[in-house]
Amino acid sequence: MKMLVRNTAAFSSYCNNIIRGMHCLQSSLVFFASSFHSQASIIRNTQTKTMRDPPKFSNVEDALNLFNSMLQMRPRPSIVRFTQVLTQLAKLEHYSAAIKLYTQMGPSGIVPDGYTLTVIMNCFGHLNQMGFSLSLLGKLYKCGFEPDITTFTTLIKGLLLENRAAEAAELFRKMMEEGCKPDEVTFGTLIKSCCMKGNNRAAIQLLRKMEEYGHCKPNVVVYNTIIDSLCKDTLVHDALNLFSEMISKDIAPDVITYTSLIHGVCTIGQWKEATRLLNEMVSKHIFPDVLTFSVLVDTLCKEGMVVEAESVVEIMIQRGIEPDMVTHSSLMDGYCLRGEMNKAEKVFDLMIRNGSNVGVYSYNILINGYCKLKRIEEANRVFQGMSDKGLVPNTITFNSLMDGFCKVGRIQDAQKLFNKMIACGQLPSSQTYAVVLDGLCKNKQLTTAIKLFREMESRKLNLDIVIYNILIEGLYLGGEIESARDLFYGLSAKGFQPDVQMYTVMMKGLCDGGLISEAEKILREMEDKDCPPDGCTYNTIIRGFLYNKETSKAVGLIQEMVNKEFSADAWTTELIVDLLSKDELDPALLPLIETK
DNA sequence: CTAGGGTTAG
């Protein structure tokens, strides 16, 4: 018992350290609030010079109105003005609207130039409609223009976005043939594409290529792209190395570099490092902006520190940085995670009252919040509210809601939603199938689950390892040990390599079925297959052995687990303490389960 | 006047 108390004490001290670290991060934010007040005036100064610049608008309607009034003007404004409107629309990501206006230009007698065509190619690219984009290249030639490096880069980006790497390479070759040399942006585009595919190595290789190529040098954007990608893959250490590298090469980091790094260190819980980076950026007169602050708000919220997050929002307002939809959505999610749905709703109402964009994202957070609390009726109410607002629920909306219905055992309602989702034209993702399959398995509808699985197989859907994990767990749950084993052993023939989770599910199932030696065999197989067991695996198999009275084997594994610096979780510890109290276990075991 | 980098939900 004493050990348990000590465990708890160690855990609590660990938590306190985290919270202290977070407070440290937050208090240095309070410090920023009082020390830097110059930024708002800087922003205002940069905005005054733009009299002849393209008119700015923040919504499609304004753009359409402006465009139409330009059509009425006599004489007509130059093509440059029209292109500027299209550019703005593209920047606001209203690609379809830009394309629509473009199609109105011809009939109105406005002749697009090479710039116009490039903007529209970019729009088609973002909409994954490269067919149209490439046909505009034909039109560009026909009109007597020459594609330049921007045109080529735009097209290459679009092709890569559609995973048409071979054609992108072909175009690159053609570009070189025509004497167009890739520049920083071209490299940046290629590097970004590598990062999006999760290939950081290739991205870094391209960075090195860029250095030896000599025509252009790596700049802050390419470094930012790779640093951010590394951070997202929690390779924060590598990211920080690249960061040092760019500084040693006199490439000045900017607010984006720091935001990525701060996000990276926050996701691995290094609050002190986050604080250090924040201090460092401010000392270089690089000030956190709305995205940086949103990262901090989100981090605090995910740690359950919503009150502190609220005060960060106060700080940003004081500094003249308006929290946006993302900031507020993070806050809402923070309240949801704590089950404080009233407060989440309050933020939501505030957003609506302030007239800020309340989007599908915000609704999804609220729906997910209610679903996780199994308050499915309220989730449904929010869901209904979406269509009243004219918002179209997306795949994530449906997945959350279906999962919610499954979790309260209303599998039929989940299936109805699945049909509705298809009817609404929303494509089910692999996660959608995972939700439904899991719901069926957990609700003891194994036959239907298997039917769905067969359907997925026959429809040649991309079955990922997660689906197999769910089904194997479901088969064990339904007592179909043989089928679970068959499925598992047949996986490699299907080209799947089991992951840690699947091995763990297998061991749990085998132990539950009393197949101890097979579970042990699979544990050893993990090492050979280069998929080493994690803490969860050890805890699972140790509990399995203990339940099966395989005490000596369990003890051996506890020793092995501790040697690998994993520790017993609460459940395993409880079981061990229970067995000790019944004198079914050697007390010599105790020091092993004590956390360091 | 055209192209590239950072934040939120399942």
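The backbone N, Cα and C atoms fix where each Cβ goes, and this holds for glycine too.
Mean model confidence of the repeat 'PPR' (A:148-182) amounts to 96 (pLDDT, 0 to 100 scale). The repeat 'PPR' annotation in TrEMBL covers A:148-182 (among others).
Residues or ranges marked as repeat 'PPR' by TrEMBL: A:183-217 (among others).
Within the same chain, residues 184-185, 187-188, 191-192, 195, 198, 200, 203-204, 207, 210, 260-261, 263-265, 267-268, 270, 281, 284, 286 sit at least 6 positions outside the repeat 'PPR' (A:219-253) and bring their C-beta atoms closer than 8 Å to a C-beta of that stretch. Per TrEMBL, the feature repeat 'PPR' maps to A:219-253 (among others).
Summarising the annotation, TrEMBL assigns repeat 'PPR' to A:254-288 (among others). Across the repeat 'PPR' (A:254-288), DSSP classifies residues as 26 helix, 0 strand, 9 coil.
Under the heading repeat 'PPR', TrEMBL lists A:289-323 (among others).
Beyond the ends of the repeat 'PPR' (A:324-358), by six or more residues, the same chain brings 290-291, 293-294, 297-298, 300-302, 304-306, 309-310, 313, 316, 365-366, 368-370, 372-373, 375, 378, 389 to within a C-beta distance below 8 angstroms of the stretch. Residues annotated as repeat 'PPR' in TrEMBL: A:324-358 (among others).
According to TrEMBL, the feature repeat 'PPR' maps to A:359-393 (among others). Residues 325-326, 328-329, 332-333, 335-337, 339, 341, 344-345, 348, 351, 400-401, 403-405, 407-408, 410, 424, 426 of the same chain sit 6 or more residues outside the repeat 'PPR' (A:359-393) yet have a Cβ under 8 Å from a Cβ within it.
Among the features that TrEMBL reports, repeat 'PPR' is placed at A:394-428 (among others).
With a threshold of 8 Å between CB atoms, the same-chain residues lying at least 6 positions outside the repeat 'PPR' (A:429-463) that come near it are 395, 398-399, 402-403, 405-407, 409, 411, 414-415, 418, 421, 470-471, 473-475, 477-478, 480. Taken from TrEMBL, the feature repeat 'PPR' covers A:429-463 (among others).
Residues or ranges marked as repeat 'PPR' by TrEMBL: A:464-498 (among others). Remark: secondary structure over the repeat 'PPR' (A:464-498) totals 25 helix, 0 strand, 10 coil, with classes taken from DSSP.
DSSP labels the residues of the repeat 'PPR' (A:499-533) in these numbers: 26 helix, 0 strand, 9 coil. The repeat 'PPR' feature in TrEMBL is assigned to A:499-533 (among others).
Feature annotation from TrEMBL assigns repeat 'PPR' to A:534-568 (among others). Here the repeat 'PPR' (A:534-568) has Cβ contacts under 8 Å with residues 500, 503-504, 507-508, 510-512, 514, 516, 519-520, 523, 526, 575-576, 579, 584-586, 589, 592-593, 595-596 of the same chain, all six or more residues outside its ends.
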Beyond the flanks of the repeat 'PPR' (A:394-428) by at least 6 residues, Cβ under 8 Å: 360, 363-364, 367-368, 370-372, 374, 376, 379-380, 383, 386, 435-436, 438-440, 442-443, 445
Helix, strand and coil totals (DSSP H, G, I; E, B; other) for the repeat 'PPR' (A:183-217): 27 helix, 0 strand, 8 coil
Number of helical, extended and coil residues in the repeat 'PPR' (A:289-323), per DSSP: 26 helix, 0 strand, 9 coil
For the repeat 'PPR' (A:183-217), distant same-chain residues with Cβ under 8 A (at least six beyond the ends): 149-150, 152-153, 156-157, 160-161, 223, 225-226, 228-230, 233, 235, 238, 242
Chain residues in Cβ proximity to the repeat 'PPR' (A:148-182) (below 8 Å; excluding those fewer than six residues from its ends, i.e. six or more beyond): 114, 117-118, 121-122, 124-126, 128, 130, 133-134, 137, 140, 189-190, 193, 213, 215-216
